[in-house]
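Here the structure is laid out as structure tokens; the discussion comes afterwards.
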Amino acid sequence: MASLKVFSFALILVLTFSVDVEGYNVESGGSLCCNNHPKFGKCNTNNDNQRCNRWCHNGCGNGKGDYCKAMSHGGLCHCYC
């Protein structure tokens with residue numbers, strides 16, 4: 001029974017950490033720099049801000065990161081120029 005709990009916990013961890021992986025690829029060789037990214041999804045909480053920062057660092061060569069840009073329809077991930 002304990003091995004089932006360990007397996008279930010490991011599976012949940014893998015699924016949780018793989019959620020952000022699809023966003024790390026830069027589409028069509030373009031840069032994430034200086035752009036809003038609605039495809040990233042919501043960007044309203046501190047956790048979203050940290051995910052956006054990691055996403056921009058991995059997809060933008062300037063190493064400057066990001067911020068969650070407040071918009072009328074909700075926050076968007078915006079990578080610095």
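Cβ from N, Cα, C; glycine included.
Taken from Swiss-Prot, the feature disulfide bond covers CYS33-CYS81, CYS43-CYS68, CYS52-CYS77, CYS56-CYS79. Annotation source Swiss-Prot lists signal peptide at 1-23, citing sequence analysis.
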Inside 10 Å of the Cβ of CYS52 (disulfide bond), count up the other Cβ atoms and send me the figure.
26
Tell me whether CYS56 (disulfide bond) sits in a helix, a strand or coil according to DSSP.
helix
Around the Cβ of CYS56 (disulfide bond), the count of other Cβ atoms that are within 10 Å:
24
Among the disulfide-bonded residues CYS68, CYS77, CYS81, point out the residue whose Cβ has the most other Cβ atoms within 10 Å, with all shown protein chains included in the count.
CYS77
Neighbour count (Cβ, 10 Å) for CYS79 (disulfide bond):
25
